[in-house]
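Peer 1: This is the feature table in TrEMBL:
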- 31-38, 149-152, 178, 186-189: ATP binding site (BINDING)
- 38: active site, proton donor (ACT_SITE)
- 62, 155: (R)-pantoate binding site (BINDING)
- 62: beta-alanine binding site (BINDING)
Ligand code: PAF
């Protein structure tokens, strides 16, 4: 399905087929280049809804000048095969012309101050472009629930806030990060890494694990967790740290070094020319940690 009219018509028909109860529709928005992390989102969507729609669209609006829009992996045929094997009949894969007939849209969603921090500082305009396409996808598909991966923690925060701020009639479901055995979080960009870089990239999850281990001891501050993570990442070859920060889960703003309480640690680094991100929840009060 490449056209907006098509996806709307097919979903309207599918909704009618669902006898007494209206089938719940789940949307899994993706940019394609599907890996097992995406398939885990599809699985999650299937658990919570009757109809699963996967969108595949490399959204030009969320790439800045000099970013990897042109070389971003596009593997539509392989993606469609994987989704067919996973039993997903509804795939919405529009062209840029279908989504933005006038070229750059005059109306956009703005991500506000948090949208300019962390990933937004490195990629100005990224989150405005991301929220704009996500709002469009929500309006096109009309899902009851949309499933996002926790790996993009700032994206999840901003999408949840957009849904609340604009009273959008759906729920956001967040699926845990899927990792390789080494700890490396799955990402479409991992395919840019050569063997040595892939081994070095393990430093991001190792840094988060070091922080989690400090937190698990109980009575740790944000500053102590940060110091442990920084030591782990600075010891790694080929890894250029961009940011390492502990944020409050409700505001996504940085906490002070003395902070104790629920928190999320975010890390971003360049490995070669590939920008990688990762994050983990830390409870700096009770010592509980989780990968969600
Ligand atoms: O996370 C992504 O792949 C993209 O940011 C999304 C949510 C599909 C919007 O283009």
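Glycine is no exception: its Cβ is also placed from the backbone N, Cα and C atoms.
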Peer 1: Let me make sure I understand the structure: which of the binding-site residues listed (150, 155, 188) has the fewest other Cβ atoms within 10 A of its Cβ?
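Peer 2: Each of the binding-site residues 150, 155, 188 was scored by Cβ atoms within 10 Å; lowest is 188.
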Peer 1: Between residue 150 (ATP binding site) and residue 62 ((R)-pantoate binding site), how far is it from one CA atom to the other, in Å?
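Peer 2: Pair distance, Cα basis, whole Å: 19 Å.
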Peer 1: Scan 31, 34, 150 for binding-site residues whose C-beta lands under 6 Å from an atom of ligand 1 and note them, or write none.
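Peer 2: From 31, 34, 150, counting a Cβ under 6 Å from ligand 1 as near, the near ones are 31.
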Peer 1: Including all protein chains shown, what's the count of other C-beta atoms within 10 A of the C-beta of residue 34 (ATP binding site)?
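Peer 2: So the Cβ neighbour count for residue 34 (ATP binding site) comes to 25.
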Peer 1: Between residue 31 (ATP binding site) and the residue listed as 'active site, proton donor', how far is it from one CA atom to the other, in Å?
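Peer 2: Cα of residue 31 (ATP binding site) to Cα of the residue listed as 'active site, proton donor' measures 10 Å after rounding.
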Peer 1: Relative to the Cβ of the residue listed as 'active site, proton donor', which residues of the same chain, six or more apart in sequence, are found under 8 Å away?
Peer 2: 28, 30, 54, 149
Peer 1: Taking the Cβ of residue 62 ((R)-pantoate binding site) as reference, which residues of that chain separated by at least 6 in sequence fall under 8 Å from it?
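Peer 2: The list for residue 62 ((R)-pantoate binding site) reads 123, 125, 126, 127, 129, 130, 133, given in order along the sequence.
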Peer 1: Can you tell me how far the Cα of residue 155 ((R)-pantoate binding site) sits from the Cα of residue 188 (ATP binding site), in Å?
Peer 2: 16
